[in-house]
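Visitor: What TrEMBL records for this protein is below:
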- H109: active site, proton donor (ACT_SITE)
- G12, S13, N14: N(1)-(5-phospho-beta-D-ribosyl)glycinamide binding site (BINDING)
- R65, M90, R91, I92, L93, N107: (6R)-10-formyltetrahydrofolate binding site (BINDING)
- 2-182: domain 'Formyl transferase N-terminal' (DOMAIN)
- D145: site 'Raises pKa of active site His' (SITE)
Amino acid sequence: MKRVAILISGGGSNMVKLVESMTGDHPARAVIVGSNDPQAGGLAKAAAMGVPTFAVDHRAYKGDRPAFEAALLEPLLAAEPDILCLAGFMRILTPDFVQRFEGRMLNIHPSLLPKYPGLHTHQRALDAGDAEAGASVHLVTPELDAGPILGQARVPVLPGDSAETLAARVLTQEHRLYPQVLRRFAQGDLTPITLTAA
Ligand code: GRF
């Protein structure tokens, strides 16, 4: 049984879907949920599902990223994770941290990578006049939002879309994509998958 740790920064809607998916004959289980924000709404959701949680407030380490990561690593490694999932985790991690988990660390990013790494992905897709948008789950490498893609979900951009309406359409697909990718990854299957909006 693979042990999965999940890092969040906010509401954790993707984390909830991941935790809910790891039941029955699924080859993995969530063992811990952590956040850089003690106020992250997702922490209460994880606790309500019976998953242990922790928080390390990055603001207590202002500017000292290595010190923050050392504090984050302590409870994380104590849970002995086999796989680390970033799900709405909004801190950039140093290459040192990434290398500890390279090859077993996943992230979900709300764009069709390699388009739009970084922030404000939906507005950038709208500004570019893209006909499609979506989300990508990828292996995390030291370069931001750049690792091998394990899965993508594509949605149409509709007339009159705002960044908010597009984000909502993409998020619905993220909730399908991430659990499917994690299940395959936990079974050692790295064949990329593409979902189109149901
Ligand atoms: C989602 O758009 C996800 O793609 C991005 O963070 C946003 C919020 O995710 N990484 P969640 O609701 O906290 O899972």
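Even glycines carry a Cβ here, placed using N, Cα and C.
For each listed feature, how buried is it and what is near it?
Guide: There are 24 other CB atoms within 10 A of the CB of H109 (active site, proton donor), with all protein chains counted. According to its DSSP assignment, H109 (active site, proton donor) is in a strand.
Cβ neighbours within 10 Å of N14 (N(1)-(5-phospho-beta-D-ribosyl)glycinamide binding site), excluding its own Cβ and spanning all shown chains: 26.
Under DSSP, M90 ((6R)-10-formyltetrahydrofolate binding site) is assigned to coil, being neither helix nor strand in the three-state scheme.
Of all Cβ atoms in the protein chains displayed, 19 besides its own lie within 10 Å of the Cβ of D145 (site 'Raises pKa of active site His').
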Visitor: Specify the nearest of the recorded positions M90, I92, L93, N107, D145 to N14 (N(1)-(5-phospho-beta-D-ribosyl)glycinamide binding site), where nearness means the distance between Cα atoms.
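Guide: Nearest candidate: N107.
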Visitor: For the domain 'Formyl transferase N-terminal' (2-182), what is the mean per-residue pLDDT, to the nearest integer?
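Guide: Within the domain 'Formyl transferase N-terminal' (2-182), the model's average pLDDT equals 97.
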Visitor: List the recorded positions G12, S13, N14, M90, I92, D145 whose Cβ sits under 6 Å from any atom of ligand 1, in sequence order.
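Guide: Correct list: G12, S13, N14.
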